[in-house]
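Chemist: Okay, here's the structure, questions in a sec.
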């Protein structure tokens, strides 16, 4: 009897490479889920640009001294919103707060129903919202007309939609990646942050400014609906049950894994053992340093380029994309290198890649505090280099977490989601408070904080990093037999 690989005509199946199709599908899916959330970031300027409001000429000539910029009589695209600094901070922080609250709930949903059903359900809910104007974001003007508190509630609900992304990255890596390819899987799946920003920020920003900010939300909803449809039809939780995966590719994926380690999403975590593991805690600490800088990439870098280095808004948009492209390339390259590099042992590779990312980024931030800013290539390079070089972390703490936790990576990576969003939640308040006027002296203090956080968190990771599965990932029967033989 011929097996599936022999009877199928699909070239990817013949060569046993369907796992890379799955990698691409999941990578794009979680990227556009996050992209739909940060559409608000891309449209924020257009929503607050009073000069493009039809009421602005009357306001300038004095015939309408106190216009209602968000009047319900205006078309949605013509409404504008004026917020205080604390309101702006809350509008960014709201989704991160909602995300932290929902993460563990979504972990339990995944354990109960699996990634396929869970992601499909959440994405469909969000797509319906997207077609109506991305309810939790595009409905914001209506919420604001009632109360700012209702708007913040919408942003918190918005955080639900991306509360499982890192959890999905951990599970898919464990379920679909052979042990020798974990680096590239982690690099691609954790790259959803950069991919989302790379596509959403310039594209939705252009739609918001040229066509109208509500249409950016409609566009995001439609794109996510298409990606979700592809995900529904082409992804399965278990490679062995997938009609496009042959027997020998399943064997390659599961080679070296125990039976428990091939069913990650249903594994009940040993919470006490996990929270007693120094290497797990050290990796979670490294998350703080990484995402403190990641928020600079997504939220604050354009502000620094425009306010401090004095680039025009158009040039700011172009320049902001460059480090994201570089970071994505470095992340993918480091993921492959961490799998293929054989001249050093695995734990040394983890320490090396993580140190290049964090200490290297810290050095550039430190140097940036020395030179007074002028709009030239050198100052721009100093500001953007840390954003790009942080991509080397793909071969560091994320891979360490997956190696050590194996089948329990769903829970471990869910904590990564919580830590990362908590970090960005705090950063949403800290950075505006430290740099209210966006002067170079104020940003020097921020860069010094960035440097300190990166170096300290990396040092803790380097001390405790390991590259072997924890004892609590083994089959219980093996651990029992080992104890019995000693007795």
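The chain as shown is numbered from 1 upward.
Every residue gets a Cβ built from N, Cα and C, even glycine.
TrEMBL entries are annotated by machine, without manual review.
Per TrEMBL, the features are:
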| type | residues | note |
| --- | --- | --- |
| DOMAIN | 19-469 | domain 'Major facilitator superfamily (MFS) profile' |
| TRANSMEM | 20-47 | transmembrane segment |
| TRANSMEM | 89-107 | transmembrane segment |
| TRANSMEM | 119-142 | transmembrane segment |
| TRANSMEM | 148-172 | transmembrane segment |
| TRANSMEM | 184-209 | transmembrane segment |
| TRANSMEM | 215-235 | transmembrane segment |
| TRANSMEM | 279-305 | transmembrane segment |
| TRANSMEM | 311-330 | transmembrane segment |
| TRANSMEM | 351-371 | transmembrane segment |
| TRANSMEM | 377-396 | transmembrane segment |
| TRANSMEM | 408-435 | transmembrane segment |
| TRANSMEM | 447-468 | transmembrane segment |
Chemist: Can you work out which residues elsewhere in the same chain, 6+ from the ends of the transmembrane segment (377-396), have a Cβ less than 8 Å from its Cβ atoms?
Modeler: 183, 186-187, 190-191, 194, 286, 290, 293-294, 296-297, 301, 304-305, 309, 319, 322-324, 326-332, 334-335, 337-338, 349-358, 360-362, 364-365, 367-368, 371, 450, 461
Chemist: Between 148-172, 184-209, 215-235, 351-371, who has the most Cβ pairs under 8 Å to the transmembrane segment (311-330)?
Modeler: 184-209
Chemist: Are the transmembrane segment (20-47) and the transmembrane segment (351-371) close, by which I mean at least 3 Cβ pairs under 8 Å that are 6+ residues apart in sequence?
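Modeler: Judged by the Cβ rule, the two regions do not touch, with the required three close pairs absent.
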Chemist: What residues in the same chain, six or more past the boundaries of the transmembrane segment (279-305), come closer than 8 Å to it by Cβ-Cβ distance?
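Modeler: Residues packing against the transmembrane segment (279-305) from afar: 38, 41, 92, 193-194, 197, 201, 311, 315-317, 319-320, 323-324, 327, 354, 357-358, 361, 380, 383-384, 386-387, 390, 393, 396-398, 400-401, 404-405, 412, 415-416, 419-420, 423-424, 427-428, 431, 438, 443, 450, 453-454, 456-458, 460-461, 463-466, 470.
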Chemist: Do you know the mean pLDDT across the domain 'Major facilitator superfamily (MFS) profile' (19-469)?
Modeler: 78
Chemist: Report, as numbers and ranges, every residue of the chain located at least six residues beyond the transmembrane segment (184-209) whose Cβ falls under 8 Å of a Cβ in that stretch; write 'none' if there are none.
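Modeler: Contacts with the transmembrane segment (184-209): 23-24, 26-28, 30-32, 34-36, 38-39, 41-43, 45-47, 165-166, 168-169, 172-173, 176-177, 215-216, 219-220, 294, 297-298, 317, 320-321, 324-325, 327-328, 331-332, 334-336, 339, 391, 394-395, 398-399, 402.
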